[in-house]
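*Asks:* The structure is given below, and queries will be raised subsequently.
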Amino acid sequence: MTWRKSYERWKQTEHLDLELKERLIELEGDEQALEDCFYKDLEFGTGGMRGEIGAGTNRMNIYTVRKASAGFAAYISKQGEEAKKRGVVIAYDSRHKSPEFAMEAAKTLATQGIQTYVFDELRPTPELSFAVRQLNAYGGIVVTASHNPPEYNGYKVYGDDGGQLPPKEADIVIEQVNAIENELTITVDEENKLKEKGLIKIIGEDIDKVYTEKLTSISVHPELSEEVDVKVVFTPLHGTANKPVRRGLEALGYKNVTVVKEQELPDSNFSTVTSPNPEEHAAFEYAIKLGEEQNADILIATDPDADRLGIAVKNDQGKYTVLTGNQTGALLLHYLLSEKKKQGILPDNGVVLKTIVTSEIGRAVASSFGLDTIDTLTGFKFIGEKIKEYEASGQYTFQFGYEESYGYLIGDFARDKDAIQAALLAVEVCAFYKKQGMSLYEALINLFNEYGFYREGLKSLTLKGKQGAEQIEAILASFRQNPPQKMAGKQVVTAEDYAVSKRTLLTESKEEAIDLPKSNVLKYFLEDGSWFCLRPSGTEPKVKFYFAVKGSSLEDSEKRLAVLSEDVMKTVDEIVESTAK
């Protein structure tokens, strides 16, 4: 169907939502804008869907949400009556239309006889993950676009273990969603009628209470809050973490917590930040200002759906510096393992899970405590899948999971990255070192002195349109067919191609299988242990380049990182130039 036909179909629909009808009238005559709204269906992929809010098949609106929900409902119905009875838990964040989309999803499922539980107000994504497990539900939905710009919203689907649906199950849901030809013909019953039938239940406080109890269980030294006064500055960046983080810190006894007033309340426009993402250092601007006034020991920031945590601490010059996800992960991991070992509660078969683009310092730390580290593909759903696998087999006992993009999980009562857990543990780690007269920054330098000065970097290259897509393909094809022999003056010794699950030991002309699902990712290791990785985005017209080095000092590792990233990007630029001709 052409975009024009889709547009006409919407325009001629008698009972079209009034707001969307008005939007279409506004766009009348703007061919380009209309084409963008209708030229395709908003894609429902393995991570759910995400897009701009608006009218059309390529936008987030009540009809595209109904379509996704009807597909999920068909998947659940096929599993039988028991699955329908167990039902689906639905949560949402602080974005435009999030409460409406959540209720639309609930109505669509409930109309099909599926029990639904909807939170009474916005909640963090990890609490949704916990609630699925706590209520023994068959699945979960969270309406969020994480830290995308304000004009976006999204929809993520969870399985009965509380983890994001793994690829195999997600593919079946995608099939069901794609089988629906006309999103405008999906009928839903009235909200009140479904509530009267008991098919839509509102949940909230009871889940919060149990979740907070579970949060406090991750503490290794609960007594620290009484022994040390830690000054905390916290910003939820207008999102969902404000109440749960404060509840959790209060339950653990940390009283000296100041919230950034301007960013405390939910705000769909994220008015005070360019991007509500703790990975962006600019997101800490208000927290740093308040931290300086208060002389805070630690600044913590969470993204809108509270699955990512950023922390900032004072460096040796007394200036607040934002730690990378790899650095925060190393501090949390080392604290957990060393303190559990001292208490005799570190299991022999403990395991650390990390993604393939996350720093090797985690493996070095885990190894020093006799623990294995297992790599997964990028995306926390793969970490959740591994936890489930080890839970069933008993091979390993999960200790910690993390990824470089600011996602951490400590207690497996949630199965997605949990910034609430990570925030509580970060404050405890800060208290632990403060008791010894050290800052978190000094603790990090100590870790580097012990394990090596690991340093990582990330660059993104956006190449839009048809030509951009071809250039991204050309970059990967070039590295694949002619792997570089040297980078940054060092020999490339290993090439990993995750698209064919193959590891090639270049110096030995030997091949090994990689036991991970296939993914279009390339990773190269140099003779000095440095590595770099190429990964095209599944949702945007860009390719990400990850770099990692290990040096003898901070300066040395910075220098090595600069040389490696410069060399790789020079090669990439040459490929792009040659395809632009």
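In case you wondered, yes, glycine gets a Cβ from its N, Cα and C as well.
I grabbed these lines from Swiss-Prot:
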- Ser146: active site, phosphoserine intermediate (ACT_SITE)
- Ser146, Asp303, Asp305, Asp307: Mg(2+) binding site (BINDING)
*Asks:* Determine which residues of the same chain, besides Ser146, Asp303, Asp305, Asp307, have their CB within 8 A of the center of the CB atoms at the recorded Mg(2+) site, and list them by sequence.
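*Replies:* What remains near the Cβ centre is Asp93, Thr125, Thr144, His147, Gly239, Thr302, Pro304, Ala306, Arg308, Ala419.
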*Asks:* Including all protein chains shown, what's the count of other C-beta atoms within 10 A of the C-beta of Asp303 (Mg(2+) binding site)?
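*Replies:* 31, counting other Cβ atoms within 10 Å of Asp303 (Mg(2+) binding site).
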*Asks:* Would you mind checking how many other C-beta atoms are within 10 angstroms of the C-beta on Ser146 (active site, phosphoserine intermediate)?
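*Replies:* The answer is 22.
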*Asks:* Can you tell me how far the Cα of Asp305 (Mg(2+) binding site) sits from the Cα of Ser146 (active site, phosphoserine intermediate), in Å?
*Replies:* 6
*Asks:* Between Ser146 (active site, phosphoserine intermediate) and Asp303 (Mg(2+) binding site), find the distance joining the two CA atoms and give it rounded to the nearest Å.
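*Replies:* Per the Cα atoms, Ser146 (active site, phosphoserine intermediate) and Asp303 (Mg(2+) binding site) stand 7 Å apart.
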*Asks:* If one looks at the chain holding Asp307 (Mg(2+) binding site), which residues at least 6 apart in sequence have a CB under 8 angstroms from its CB?
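*Replies:* The list for Asp307 (Mg(2+) binding site) reads Pro124, Thr125, Pro126, Ser146, Phe380, Gly407, Asp416, Lys417, Asp418, Ala419, given in order along the sequence.
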*Asks:* Tell me the Cβ neighbour count for Asp305 (Mg(2+) binding site), meaning other Cβ atoms within 10 Å of its Cβ, over all protein chains shown.
*Replies:* 33
